[in-house]
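Contents: one structure, followed by commentary.
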Amino acid sequence: MRIGHGFDVHRFGEGDHLMIGGVAVPFERGFIAHSDGDVLLHAISDALLGACALGDIGRHFPDTDPAWKGADSRDLLRRVVALVREAGYRVGNLDATLMAQAPKMAPHVGAMAANIADDLGVARGAVNVKATTTERLGFTGRGEGIAAEAVALLLPVAGMSVSDVPVADRQGEPAGE
């Protein structure tokens, strides 16, 4: 089994909603981001990649590549899940925390968890999404943006092992260089 941790933040900018966990959350601002800015799915993607020693989402989907401009983070997450499976693992469970002063996340966490479970290919009970404020402390407390953390447990797929994938490949670099 492998455990990974992911973290992401995004600042607020112009817009009329926030894409979080694949849910359009109504808000008077949006995220400043190269993709859709889904801070929760980015943290989850990093947790999954980290558990397999596959680097991070910036390495796989760089913000310098116009192909990822405005990308749907659910698509990115599904691509990450495919990489995890290629490395010989599947998601056992996932726990994630959103940190935001506003907007209120409680009405949306159920839909977020359902989207995430669908994208991970796991039962809804294997995904937990929770939200908290930072008691008006720090950048989230000042209403400048949102942060997310995620922890993922990966289990080996029968007949496959991460040792079958060269270490250089797991780090997102060409093998043999």
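Each Cβ is built from the backbone N, Cα and C atoms, and glycine gets one as well.
Under the heading domain '2-C-methyl-D-erythritol 2,4-cyclodiphosphate synthase', TrEMBL lists 1-154.
Summarising the annotation, TrEMBL assigns divalent metal cation binding site to Asp8, His10, His42. His42 (divalent metal cation binding site) falls within a helical segment according to DSSP.
A C-beta separation below 8 Å, combined with a sequence spacing of at least six in one chain, links His10 (divalent metal cation binding site) to Phe31, Ile32, Ala33, Gly37, Val39, His42, Gly145, Ile146. In this structure, His10 (divalent metal cation binding site) is part of a beta strand by DSSP. Residues annotated as 4-CDP-2-C-methyl-D-erythritol 2-phosphate binding site in TrEMBL: 8-10, 34-35, 56-58, 61-65, 100-106, 132-135, Phe139, Arg142.
Neighbour list (His34 (site 'Transition state stabilizer'), Cβ cut-off 8 Å, at least 6 residues apart, same chain): Asp63, Trp68, Lys69, Gly70, Ala71. Residues or ranges marked as site 'Transition state stabilizer' in TrEMBL: His34 (among others).
In the three-state DSSP reading, Thr133 (site 'Transition state stabilizer') counts as coil. Long-range C-beta contacts of Thr133 (site 'Transition state stabilizer'), restricted to its own chain and to partners at least six residues apart, with a cutoff below 8 Å, comprise Met99, Ala100, Gln101, Thr140, Gly141. Residues or ranges marked as site 'Transition state stabilizer' by TrEMBL: Thr133 (among others).
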Any idea what DSSP makes of Asp65 (4-CDP-2-C-methyl-D-erythritol 2-phosphate binding site), helix, strand or coil?
coil
Which one of these binding-site residues has the most other Cβ atoms within 10 Å of its own Cβ: Asp8, Asp65?
Asp8
Let me know how many other Cβ atoms fall within 10 Å of the Cβ of Ser35 (4-CDP-2-C-methyl-D-erythritol 2-phosphate binding site).
21
